[in-house]
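Trainee: Dropping the structure in here first, questions after.
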């Protein structure tokens, strides 16, 4: 069936709007990216031909621009759009895998969190939950707003850690100003969490402050040593 022969409710874009992206087939999703057909062939037809050009989606993702434009109806602009979409999906997949990175030093946390936190205009207090091998098993934002030691409750944070069977946690929060100097509230909050962690047997390994492509580790700054 050609696109123009479809009733509006059956068109890929309309189905996505009414039923969500998950309701669409691979053919329909590709047709949205392809956007327009060619004389006598709809974007659905071209999408089907595109899928036939590779054994599976993973192989299609590996197709070069030259490979893509061999499919009739796929010109340079469409090939570029498809390649960009494939790469974006690949990067999102890598991000999901990176949620289980192993933390060996403060810079590992910074490398992981700076891209998502450096441009935030409001303070976000995040905890990374780690297993016994210091691999991140979950990332949770527990607070948004100006950090205050009376607002960040250890009970809430450690209840999450217990529920997720975490062996240790790392606190991370951003300073929208870009200045990564720990405030007095930052230090007080850190010490409270560290003390509670010692009691519960779930160590606070570090508190990382993120700024404008910079970070401060309260462990490296010596705040943990002073209270050991």
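Every residue gets a Cβ built from N, Cα and C, even glycine.
A quick note: this is a predicted structure, and the numbers were derived from the prediction, not measured.
Below, the features straight out of Swiss-Prot:
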DOMAIN    102-224  domain 'MPN'
BINDING   173, 175, 186  Zn(2+) binding site
MOTIF     173-186  motif 'JAMM motif'
Trainee: For the motif 'JAMM motif' (173-186), give me same-chain residues lying six or more residues beyond its boundaries with a C-beta closer than 8 angstroms to one of its C-beta atoms, as numbers and ranges.
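Mentor: Same-chain residues near the motif 'JAMM motif' (173-186) but 6 or more away: 117-118, 120-126, 147-149, 207-212, 214-216, 218, 221, 223.
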Trainee: Would you count the other CB atoms within 10 A of the CB of residue 173 (Zn(2+) binding site), including those on all shown protein chains?
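Mentor: Excluding its own Cβ, residue 173 (Zn(2+) binding site) sees 24 Cβ atoms within 10 Å.
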Trainee: For residue 186 (Zn(2+) binding site), what is the secondary structure by DSSP, using just helix, strand and coil?
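Mentor: For residue 186 (Zn(2+) binding site) - judged by DSSP and reduced to three states - the answer is helix.
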Trainee: Give the mean pLDDT for the motif 'JAMM motif' (173-186) on the 0 to 100 scale.
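Mentor: Result for the motif 'JAMM motif' (173-186): average pLDDT 93.
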Trainee: Taking DSSP as the reference, which of helix, strand or coil describes residue 173 (Zn(2+) binding site)?
Mentor: strand
Trainee: Per DSSP, what is the residue count of the domain 'MPN' (102-224) in each of helix, strand and coil?
Mentor: 39 helix, 36 strand, 48 coil
